[in-house]
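Undergrad: Dropping a structure here in structure tokens format, bear with me for questions.
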Amino acid sequence: MNETEATLPVFTLEQVAEHHSPDDCWMAIHGKVYDLTPYVPNHPGPAGMMLVWCGQESTEAWETKSYGEPHSSLAARLLQRYLIGTLEEIT
């Protein structure tokens with residue numbers, strides 16, 4: 001975790017789960033929480049592909065795009081724009 005991330009709010013998976021619609025879409029990916037609501041209408045793939053992961057731990061979807069292909073480095077840079085916090089570690 002870098003210095004900037006250390007100052008971000010920490011969310012539980014239950015809090016992420018409250019944001020599960022096209023108008024309120026949060027995802028947890030690799031221990032970080034992203035509010036992807038503004039990006040939903042701009043997603044280049046089918047909207048439904050992204051929406052099924054709203055409100056969830058979505059690392060698997062990020063890594064495979066649901067069909068075995070990783071996201072591009074451009075997508076990884078774009079994702080950082082939507083970072084809002086970190087996911088609480090479960091011990």
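Positions of Cβ are set from backbone N, Cα and C atoms, glycine also.
Per Swiss-Prot, the features are:
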type	residues	note
DOMAIN	8-88	domain 'Cytochrome b5 heme-binding'
DISULFID	C25-C54	disulfide bond
BINDING	H43, H71	heme binding site
Undergrad: Please list residues from the chain of H71 (heme binding site) whose Cβ is under 8 angstroms from its Cβ, counting only those at least six apart in sequence.
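TA: Spatial neighbours, sequence-distant, of H71 (heme binding site): W62, E63, K65, L79.
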Undergrad: Give the helix, strand or coil assignment DSSP yields for C25 (disulfide bond).
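TA: For C25 (disulfide bond) - judged by DSSP and reduced to three states - the answer is strand.
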Undergrad: Could you break down the residues of the domain 'Cytochrome b5 heme-binding' (8-88) into DSSP helix, strand and coil, giving a count for each?
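TA: Residue counts in helix, strand and coil order: 30 helix, 21 strand, 30 coil.
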Undergrad: Averaged over the whole of the domain 'Cytochrome b5 heme-binding' (8-88), what is the pLDDT?
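TA: Mean pLDDT for the domain 'Cytochrome b5 heme-binding' (8-88): 91.
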